[in-house]
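**Q** Take a look at this one; I'll ask things after.
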Amino acid sequence: MLFNSFEFLVFFPVVTVLFFILPHRFRWQLLLAASCFFYMFFKPEYILILAFTIVVDYYAGILIESAATSKLKKRYLMISLVANIGVLAVFKYYNFINDNITGLAGLFGWTNPIPALTMLLPVGLSFHTFQAMSYTLEIARGNYRAEKHFGIYALYVMFYPQLVAGPIERPQNMIHQFHEKKEFCYTRVVDGLRLMLWGFFKKIVIADNLATYTDSVYGNLHVQTSIAIVIAVFFFAFQIYCDFSAYTDIARGAARVMGFELVKNFNYPFRSRSVTDFWRRWHMSLTTWFNDYLFTPLVIRNRDSIKWGVVFALMVTFSLSGLWHGAAWTYVVFGVMHGIAMSYEFLTKKSRKRLSKKVPAFIYNPMCQALTFLFVCFTWIFFRAGSMQDAFYVLRRIPGVFTELSNFAVTNSKPIFDGTLNRLGLIYCGMFVILLETIHYLDNKFQIFSRLRTQRALVRWSVYYLTVLVMMFFASATAHKFIYFQF
Amino acid sequence: MNQEQLLKEVNEIFKDVLDNEDVVINFDTVASDVDDWDSLNHIQLIAAIEKAFRIKFTSTEIYQFKNVGEMISSINSKLNP
C-alpha cells in the first residue's frame, strides 16, 4: 500500500482507532495483521519471503543467545546472515550477477547457459532484511537479549509504517516499545499527524511536481537542451530529498500517533559542509547500519595499517552501500564516488583544518556547503540515470549550457524547453524548491516547527488549512511511487 | 602507572590523533563530548593507544567501551595483569 493512496487514507484511521480501542494484549495481533495487509497490497505471495526470514532469524536469535561456545554462536549467526543475504541475492541481485556473467562470457565468445529470472522485486526487501540482520548481529554482540515472543519479533520486522522504506530500526529501540502499553495522548497524536501532514506536503506538492519535470527530461535526454538537463540534475536533488524524507516523516508520524518513536533519518542534508558530514545527515539509519556492522569491523581488523585500513574500509562500505540501492552498475559508481570523496576528506583532514583557519568562516563555510551540494548532485546523475550510457550522456551534455546561454543572450530566440516541458511547470518547480529551502531556513533559525505547537489555536489551524489548501491546488497531477520503494 | 597517569597519557594521544590541543578528557567522557571523535577517528585512537602502550584489545573489547573510563581500566588490566 502506498502512503499517498486512497487506501491508506482509510487504512490508517481504521487501524489507529482499533489500536486504541483494543486492550493492550491484543494490540500486537492487530498491528501484525494490519502490517501483513499493508504489505500484501503489493504482491501477496511475497509475504512468504518475510515469513521465511522471520522464522529463521527468530530461532537464530534464541540459538545464538544460548550457544555454549563462541564458535557455535558464530555458526548460528552465519545461518541468519546467509538466509537474509541469500534472499537478497536471489530476488534482487540474481539477474544483475547473471547479466554480468553473460557479458563476461561474451567477451570470450561463450554463451551463458543460466537463464534470467523474470520476477518483480519484492518491495522494501533491502530495508527489512537489513533490519532483521541487525537483530541477530546485536544478539551475537551481546548487546540485546533474544525476543521470546514470536509475534512481537515478527512485528519488529513487519511494523507497517517502516516496513517498506525504513527508517531501518534496531531491536534496542523498537522491541521494548511493542511490549509497553501505549495510552492515548492527545498532544502526541497531534504531533504525529502534523509530521504526517508535512510529509504529505513534501511528497505530493514538491517531490511529485519535480518528478514530472525530471522524469520527462531523463526520459527523453536526446531531445532536451543542456540547460533543461542541468536544471533536472539540480531538481532531482530536491526531489529525492523530499520524496524520501517525506516517507520517513509519514512513517514516523504514523508510528507516533500510536505512541511509537522511530529513529531520525534526516538532519538537513543540504547543509552538509563535507561528504562525510552529508552521510551523517542523509539516510542516517542506513549509514549507522553500515558503520556498525561493516565499516567498524573492517577498520578494527585492519587497524595496524592505520590510514589505508580506513580508506580500504570506506571504499568497500560505500561500494556496497551503492549496490544496496539497486542491482546496477550506476549505483555501484554512485557508491564508489562517495567512497573516493570520503577517503579524500579523511586523508586531507589536517590540511583542510589548517586551511579553514586561514580563510574567513563566512567564505569558507558556504564554499564547502556549495561544493558538497554540487558533488552530491553530480553523483545523483548516476543514481537517476537509467543506465551508464545515459549517465555519461548527461555528463557530455553539461558543457553545452554555456553555448546555449550565450546563444540565448545574443538571439533571444532559441527555445530552452523542447517537447514535453513547459515554462510554467518549471516556474512552479522553482518556487517549490525556494519554499522548501525557506521553510528549512526558518526552522533552523527560529524552530518554527516546534514553536507551532505552542501557538494559539487560530494560528495553528490557519497553518494546517493553508498547507492542505496548497496541497489541493498544487498537488501533482500524477501520483508517483516513492523512489526508495524499489530498494 | 595508575589510572590518573594513564588518563593523562591517553589525553595526549587524543590531542595528537584529533589534531586538537584543547581536548580534555576524563573518565566519563564519551565520543559525543569531543569534537571530531567520530567512527572514522575512533579506531585511529584505539590503534594509537595500542601502539603507545604495546597492548592489543580484542574486537569484543573495542565494541564494548562505553566511555574513556572503561578504556582506561582495560589498558590498566592489560598493563598490570
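Glycine residues also receive a Cβ, built from the backbone N, Cα and C atoms like all the rest.
The transmembrane segment feature in TrEMBL is assigned to A:7-26, A:46-64, A:76-94, A:114-137, A:149-168, A:221-242, A:305-323, A:329-347, A:359-383, A:424-442, A:463-484.
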**Q** Residues sitting near the transmembrane segment (A:76-94): Cβ under 8 Å, six or more positions beyond its termini, same chain?
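**A** Cβ under 8 Å, 6 or more out: 49, 52-53, 56-57, 60-61, 63-64, 67, 117, 119, 121-122, 125-126, 129, 132-133, 136-137, 140, 323, 327.
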**Q** When each of A:46-64, A:221-242, A:359-383, A:463-484 is checked against the transmembrane segment (A:424-442) for Cβ pairs under 8 Å, which one has the most?
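**A** Of the candidates A:46-64, A:221-242, A:359-383, A:463-484, A:221-242 scores highest.
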**Q** For the transmembrane segment (A:463-484), could you work out the same-chain residues 6 or more beyond its ends whose Cβ comes under 8 Å from its Cβ atoms?
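**A** 2-5, 165-166, 194, 197-198, 200-201, 203-205, 207-209, 211-212, 215, 239-240, 243-244, 246-247, 428, 432, 452.
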